[in-house]
Amino acid sequence: MAFMSFINGFSTLFLVALLASSMMAAKGGNFYQDFDVTWGDHRAKIFNGGQLLSLSLDKTSGSGFRSKKEYLFGRIDMQLKLVAGNSAGTVTAYYLSSQGPTHDEIDFEFLGNLSGDPYIVHTNVFTQGKGNREQQFYLWFDPTRNFHTYSVVWNPRQIIFLIDNTPIRVFKNAESIGVPFPKNQPMRIYSSLWNADDWATRGGLVKTDWTKAPFTAYYRNFNAKTCSGACTESFGDGAWQSQELDAHSRRRLRWVQKNFMIYNYCTDLKRFPEGLPKECQRRSRFL
């Protein structure tokens, strides 16, 4: 499938300046300043003066990092170049999460595959410790040849997952019908590269080929426009936190979901024989 670049349509939704008293921006962030390596020893490396980070996985261990700061609402962008070649069995996770048994979490997970087969991007949203809201997509480009931008926009109304500024998923605030929404717990940014060959590729049928190790993923151009620590829901009229998708972005979202979605928990009647989750019963097409 040919890669198509759509960088302009969605960006206009997020250009309004953030309130200086409660917001912070990190443009082209420095990995030394913004993140800590949390595990993996020498398998996680920061170089190019803090502008590039790599995570590696070998048979002994994977590796990971997390942000120094916590955030509540905002837009997070990171460019990744995923594990090349036979990446079957590996998972590169990039997500936001709070801590504790009732944690909130917003997930991108990239499931490796055999050479020539497409990567799968696995998304999930946890609220108050409960997940089971998976949607999965094939990527419509080779994510190992070049860097691509993976973004989360999180505001009191919705969570938007984007790839190269194209929305692939929207999780709307459905508190009005009793569905918890992540809005009170600040989250850190995490990423890790690890072995998950018990489930990641074809349900665990394809195992990691350790003769191809080490497996390496690369990160650059971290950018955050977020609340740090605490933030109110009132951002002022016209602020980006209250924006909705425009018509072009809705078309792009429908295009992705029609052509590349391979799993949607909101249509899995076998998994939920007693009824789909409440948010799936709403008429919105963009859950």
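Glycine is no exception: its Cβ is also placed from the backbone N, Cα and C atoms.
Going by Swiss-Prot, these are the annotated features:
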- GLU105: active site, nucleophile (ACT_SITE)
- GLU109: active site, proton donor (ACT_SITE)
- GLU109, HIS122, THR123, ASN124, ASN132, ARG133, GLU134, ASP198, TRP199, GLY203, ARG271: xyloglucan binding site (BINDING)
- CYS227-CYS231: disulfide bond (DISULFID)
- CYS266-CYS280: disulfide bond (DISULFID)
- 29-219: domain 'GH16' (DOMAIN)
- ASN113: N-linked glycosylation site (CARBOHYD)
- 1-28: signal peptide (SIGNAL)
- ASP107: site 'Important for catalytic activity' (SITE)
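Here the features listed in Swiss-Prot are painted onto the structure.
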residue	record	CB count, 10 Å
GLU105	active site, nucleophile	18
ASP107	site 'Important for catalytic activity'	21
GLU109	active site, proton donor	19
ASN113	N-linked glycosylation site	21
THR123	xyloglucan binding site	21
ASN132	xyloglucan binding site	12
GLU134	xyloglucan binding site	17
TRP199	xyloglucan binding site	12
CYS266	disulfide bond	18
ARG271	xyloglucan binding site	11
Nearest by CA distance to ASP107 (site 'Important for catalytic activity'): which of the binding-site residues is it, out of THR123, GLU134, ARG271?
THR123
Can you tell me the CA-to-CA distance separating ARG271 (xyloglucan binding site) and the residue listed as 'active site, proton donor', as a whole number of Å?
21
Integer mean pLDDT for the domain 'GH16' (29-219):
96
Can you tell me how spread out the xyloglucan site is, meaning the largest CA to CA distance among GLU109, HIS122, THR123, ASN124, ASN132, ARG133, GLU134, ASP198, TRP199, GLY203, ARG271, in Å?
21
Rounded Cα separation (Å) that holds between the residue listed as 'N-linked glycosylation site' and THR123 (xyloglucan binding site):
17
Checking the recorded positions GLU109, CYS266, CYS280, which are within 10 Å of THR123 (xyloglucan binding site) at the Cα level?
GLU109
